Amino acid sequence: MLQRLKAFFSSPYIVVPIGALIISFSPVLVRLTSVSPDSSAFYRVLFGGITLMIISFIRRERFSVPLRIWGLVVLAGLFFAFDLKCWHRAIGYVGPGLATILGNLQVFATAAFGALLFKEIISKRLIVALPLAVIGLFLLIGLDLHEVSSDILWGLLFGFLTAVSYSCYLICLRQSQFTEKKLPLFANMGIISLITALSVGVSMGATGDSFVIPTVSDWFYLILYGVFCQGIGWAFISKGLPKLPAAIAGLLMLLQPALAFVWDVIFFKRPTGTHGLVGVALVLFAIGMGIYGQQAVARSKE
């Protein structure tokens, strides 16, 4: 029984969706706090990073790895920090709906990086699945034109930068765990989180953003946000990413916004219609189609 359970959780097609499920609660926890978006991002990666490093020290994980791995870890942290900053600015210009859609164009960037950098073969089914997933996301989230400011070009720019930087983060995270001479799982994700926290913190200091956590409930939700979403969630994701083609990794990460929409409906009574339900179904269908297509490619190569 234990062996079956271990084999079950060793599959990247299990652990990455579990991680995406966990981080899909991020918007719920952020909404329950009263701090600024940048402040919530800072404490997310700070508390998550501290938790992961404590686990790493308890497990006596080693930190002696080649310089190349350290370079990937640092890059992952910087790309994630840049992603968070661009994401919040895109929201300011075009609203959360369009900003989310633009940010999740990472599926195309991640697939392109996989094909160009690692010569990964993309199946025809996956080529069809990628735009289907984005269309599903559009139906799911919708677009409120009243939220789009006259500075829409700036919003589009920051949205695309969010997509590219998030894709670069996923690629660096994946490659940092791709070799036997890698940092152990918790140390790797913990250091990336703390580098991100340092980068976001420096940026907050430069812009005069407040580090104050005003209430006990804010402390509770931010700690939960960091430990649960950044710590546990991304540990699951980083465990499975090296075993997946880049395009599939990007596609599976679309589970996060799709599930976040579901929690929004359940916990905050977000009004939704047929288009929202069709959007969820289309995203899930596209993910299944993409995975099936890539698995068929893998079998044909054996």
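Glycine residues also receive a Cβ, built from the backbone N, Cα and C atoms like all the rest.
The structure displayed is predicted, hence computed values, not measured ones.
Taken from TrEMBL, the feature domain 'EamA' applies to 13-141 (among others). Averaged across the domain 'EamA' (13-141), the predicted model reaches a pLDDT of 89.
For the domain 'EamA' (153-287), residue counts in helix, strand and coil come to 110 helix, 0 strand, 25 coil, using DSSP. What TrEMBL lists as domain 'EamA' is 153-287 (among others).
For the transmembrane segment (7-29), the list of distant contacts is 44, 221-222, 224-225, 228-230, 232-244, 249, 252-253, 255-260, 262-264, 267-268, 291: same-chain residues at least six beyond its ends, Cβ to Cβ under 8 Å. Taken from TrEMBL, the feature transmembrane segment covers 7-29 (among others).
Annotation comment: TrEMBL describes 41-58 (among others) as transmembrane segment.
When Cβ-Cβ distances below 8 Å are used as the criterion, the transmembrane segment (65-82) is approached by residues 45, 161, 165-166, 168-169, 172-173, 175-176, 179, 181-183, 188, 191-196, 198-200, 203 of the same chain, each at least six residues removed from its ends. Positions annotated as transmembrane segment by TrEMBL: 65-82 (among others).
Residues or ranges marked as transmembrane segment in TrEMBL: 94-118 (among others).
The transmembrane segment annotation in TrEMBL covers 125-146 (among others).
Taken from TrEMBL, the feature transmembrane segment applies to 152-173 (among others). Cβ atoms under 8 Å from those of the transmembrane segment (152-173) belong to residues 72-73, 75-76, 79-80, 82-83, 86-87, 89-90, 92-94, 98-99, 101-106, 108-110, 113-114, 117, 192, 237-238, 241, 246, 249-250, 253 of the same chain, restricted to positions at least 6 beyond its ends.
Sequence-distant contacts of the transmembrane segment (185-207) (same chain, six or more residues past either end, CB-CB distance under 8 Å): 38-39, 41-42, 45-46, 48-53, 55-56, 59, 61-63, 73-74, 76-78, 80-82, 84-85, 173, 176-177, 230-231, 234-235, 238-239. Taken from TrEMBL, the feature transmembrane segment applies to 185-207 (among others).
Feature annotation from TrEMBL assigns transmembrane segment to 219-237 (among others).
The transmembrane segment annotation in TrEMBL covers 244-263 (among others).
Residues or ranges marked as transmembrane segment in TrEMBL: 275-293 (among others).
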For the transmembrane segment (244-263), I need the partner stretch with the highest count of C-beta pairs below 8 angstroms, choosing only from 41-58, 94-118, 125-146, 275-293.
94-118
Name the range, of those listed as 41-58, 219-237, 275-293, that has the largest tally of Cβ pairs under 8 Å with the transmembrane segment (125-146).
275-293
Using Cβ atoms and a strict cutoff of less than 8 Å, what residues sit near the transmembrane segment (219-237) while being 6 or more residues removed from its termini?
15-16, 18-23, 25-26, 29-30, 32-33, 35, 40, 43-52, 173, 185-186, 189, 193, 213, 253
Sequence-remote contacts (6 or more beyond its ends) of the transmembrane segment (275-293), Cβ cut-off under 8 Å?
13, 123-126, 128-130, 132-133, 135-142, 247-248, 251-252, 254-255, 258, 261-262, 265
